[in-house]
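Peer 1: To start, I am sharing the structure in question, which I have written as structure tokens.
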Amino acid sequence: MISQIDKTELLERFLHYVSFHTQSKPNAKHSPSSVGQMKLAMQLQKELIQLGLENVEVSKYAVVTAFLPANDPNLTKTIGLVAHLDTSPQCSGKNVRPEVIEEYRGGDIALGIGEEFISPVYYSFMQKLVGQTLIVTDGTTLLGADNKAGIAEIMTALSILQKENIPHCNIRVAFTPDEEIGLGIHYFPMEKFSCDWAYTIDGGEVGELEYENFNAATAKVRFFGRNIHTGYAKGKMLNALTLACEFQQVFPVDEVPEKTDGKVGFYHLEDFSGDIEQVELTYLIRDFDEQNFAQRKAFIKNQVEKFNAKKGLKKPIELEIQDSYQNMYDVVKNVPQSIELADRAMKAVGIKPNHKPIRGGTDGAFLASKGLACPNIFTGGYNFHSKHELVSLQGMENTVQVIIEMLKCKDL
């Protein structure tokens, strides 16, 4: 078990990391998309050097890499640990003011001095957290547990390994920028991250072990109109907003995020922007099954073609589809040790593994596309990307315990 001083260190690390404003910018053309990510990267470089890691580097893209050699000649495997620097652009991450609740007694939690609160009426998982120390927001920003809890857990595990001289395998560490917008991982230096397999520490509830994720793409549909004074518009105006609203009606009403779960895919209208003369709709396309994923992309393409044929527009609507990431399972299944080791580590510290698909993506999906198996491990956090985000300190401790147990590389 982790000592009290280590629990304090873990909390202090987390509170320090969330003080960095690292929100990524979705329309950025370069990485890192925000200055704060580089600042946090430089801070982590300094701490990794202090912990005695080797080859600690920060690239111009704010990718942090480091290496800790095995301290036991019998432990020859190399395991990677990955977490990301940025926070979601979907909710403000500036001036995060965490609040620590010792021994949560149940019931609603008021956030700051405003009207925001977290209630077990809406979030049933809170009933499992009674008696634990919770870190919440003040109701004005997200918390940043996604993924600074993961960073704090990795750093604390490394600190304990070094202080207590615990036998461990070779360890590679990477902290990446712009995971939330799928940008930074494209600048990942694979040549500096040679390992047998790796883990992203980017999951949620205690026990989560994830090695299947969505296939993902983004579709942008552009509509072009013609504006004229409304008093004289008959037979002359073409309203791009109206065209876009009509097009949106072709999508299946039940195949949306708010009506699907498990391994069921969806279309998600993420953004609707523009005016009478030009509108752009942005859709997220998600599915676990590769064939269904291809069919979803074909569906949008076919609907655009039908819409253009039906309307006979002088300037037809345009479609752009960009793949984001792929399901990692096809790679992970060929490295079953990556799942077995995480399973054994959780059981060794009294945690029941919960294998579940990720209804999203991680940096591990990209690493898998490069041939590196990279399952995802829990952080103890909940309600990511929102003002209701929270993390359990005990859950974070559990993650540290699992990381240390995995790095012992027993029976490999």
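The backbone N, Cα and C atoms fix where each Cβ goes, glycine too.
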Peer 1: According to Swiss-Prot, GLU180, HIS385 bind Zn(2+) 2; identify which of ASP138, ASP146, ASP330, ASP343 is listed for that same site.
Peer 2: ASP146
Peer 1: Look at the Zn(2+) 1 binding annotation in Swiss-Prot, where HIS84, ASP146 are given, and name the residue from ASP108, ASP196, ASP202 listed for that site too.
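Peer 2: So, going by the record in Swiss-Prot, that would be ASP202.
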Peer 1: Per DSSP, HIS385 (Zn(2+) 2 binding site) is which: helix, strand or coil?
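Peer 2: Once the DSSP labels are grouped into three classes, HIS385 (Zn(2+) 2 binding site) ends up as coil.
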Peer 1: Compute the C-alpha separation of HIS84 (Zn(2+) 1 binding site) from HIS385 (Zn(2+) 2 binding site), stating it in Å without decimals.
Peer 2: 14
Peer 1: Please identify, among the recorded positions ASP86, ASP146, ASP202, the one with the smallest Cα-Cα distance to GLU180 (Zn(2+) 2 binding site).
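Peer 2: Considering only the listed recorded positions, the nearest one is ASP86.
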Peer 1: Are there any residues in the same chain, six or more apart in sequence, whose C-beta is under 8 angstroms from the C-beta of ASP202 (Zn(2+) 1 binding site), and if so which?
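Peer 2: The answer is VAL82, ALA83, HIS84, ASP146, ASN147, GLY150, GLU179, THR362, ASP363, GLY364, ASN376, ILE377, THR379.
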Peer 1: Hey, how far is ASP86 (active site) from HIS385 (Zn(2+) 2 binding site), Cα to Cα, in Å?
Peer 2: 11
Peer 1: So how many other Cβ atoms are close to HIS84 (Zn(2+) 1 binding site), meaning within 10 Å of its Cβ?
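Peer 2: Within a 10 Å radius of the Cβ of HIS84 (Zn(2+) 1 binding site) lie 27 other Cβ atoms.
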Peer 1: For HIS385 (Zn(2+) 2 binding site), list the number of other Cβ atoms lying within 10 Å of its Cβ atom.
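Peer 2: If we count other Cβ atoms within 10 Å of HIS385 (Zn(2+) 2 binding site), we arrive at 16.
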